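Here the structure is laid out as structure tokens; the discussion comes afterwards.
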Amino acid sequence: MSFKERIFHSVLFEIIALLCFMVAASFVTKADTKSVASLAIGLSMIAMTWNYIYNLVFDRVFGEKRASRGLKIRIGHGLGFELGLVFVSFPLMMWILQLDFWTVLIMDAGVVIFFLIYAIVYNWCYDTIRSRFIPTVATS
């Protein structure tokens, strides 16, 4: 993927994720909208940066033929991404939402499960749709 396409891929992923996260977090935590929006936007910016770096490295290791990746590689991809993001999201959620360790642990586990599934589905759909519109260029 080109730099521009990687940016598009990340931004589209985050827009959809941001909407889902804000609705769910407001409902579950009963926190004020400003806190939830601040957390969601902050995590989104961190996740976009991490997404770009992680996928750049992942593509170099597993190759550019993204549409042909199987379920095992996609699960590994999603797990690696989410584990990296947890290291940042966990303390940030505790601080902004002013919640205790155990509450955030349960919330973060739910967020990780959601985003693991979402990342796999999003990337699989994106790669499938992309392969129909953008021909694969052979690399040497």
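Just so it is clear, glycine is given a Cβ too, placed from its N, Cα and C backbone atoms.
Listed in TrEMBL:
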type     : residues : note
DOMAIN   : 1-63     : domain 'Chlorhexidine efflux transporter'
DOMAIN   : 69-132   : domain 'Chlorhexidine efflux transporter'
TRANSMEM : 7-29     : transmembrane segment
TRANSMEM : 35-54    : transmembrane segment
TRANSMEM : 75-96    : transmembrane segment
TRANSMEM : 102-125  : transmembrane segment
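Using a Cβ-Cβ cut-off under 8 Å and counting only residues 6 or more beyond its ends in the same chain, the transmembrane segment (7-29) has close neighbours at 1, 36-37, 39-41, 43-44, 47-48, 51-52, 55, 97, 99, 107, 110-111, 114-115, 118-119, 122, 126. Confidence across the domain 'Chlorhexidine efflux transporter' (69-132), taken as the mean pLDDT and rounded to a whole number, stands at 86. Note: the domain 'Chlorhexidine efflux transporter' (69-132) comprises 59 helix, 0 strand, 5 coil (DSSP; helix = H, G, I, strand = E, B).
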